[in-house]
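Engineer: Feature list, courtesy of Swiss-Prot:
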| type | residues | note |
| --- | --- | --- |
| BINDING | 39, 186 | substrate binding site |
| BINDING | 114, 159 | ATP binding site |
């Protein structure tokens, strides 16, 4: 049975600690592929929410010192209850965010990390020409992804012109780049949510990471052709394509 079929059959519940820029897009993409999104900003309800969830997705895009305890507790509970824990380390190469991720990593174990080449280079202790959340350079060299996977003991997804998925021993590649991913803020957040959804129903997180990245990228290519020179329509077309593809699966 394919991962998409499992998602349709089980309708996994995905708990998100989202940033406050793109929560609607994150919730939509989870719902459109047949799962159920759940958001929270309340630490008191975390234990019960993690208990009923099938995966936990954490995005540090708008994290602060005051919200750090919420993130730490969500991650700790995900580990304790053996729920897949996915990290989107938005702009982790900025010092404050770097300190946050270092502190989290000392306390919890992430199962999958999804970031652009600059973010993944940080986990590999390497420098990158990229800035912030934008991917500016080619990333076809798998060195950073493999090294980051080895250092963290985590499946790494490095998105860019060619997406690289590494477990530290082998790599898989997805060549489905679209310029519209970059200019539509939140597409990376959406991909991370899709990865979390695939991980929720799979015992093989390396394969789940690859299949999720490929599924999302191929939908992006179709959506790019559909909207042509109307990039503002891209996300809606992307969601429609993901929905249609999901519901063609029996």
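We count from 1, first residue shown onward.
Cβ atoms here come from the backbone N, Cα and C positions, even for glycine.
How buried are the listed features, and what sits near them?
Structural biologist: In this structure, residue 186 (substrate binding site) belongs to neither helix nor strand by DSSP; it is coil.
Residue 114 (ATP binding site) falls within a strand when secondary structure is assigned with DSSP. If you draw a 10 Å sphere around the CB of residue 114 (ATP binding site), it holds 30 other CB atoms from the protein chains shown.
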Engineer: Cα-Cα separation of residue 114 (ATP binding site) and residue 186 (substrate binding site), in Å?
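Structural biologist: Taking the Cα atoms only, residue 114 (ATP binding site) lies 13 Å from residue 186 (substrate binding site).
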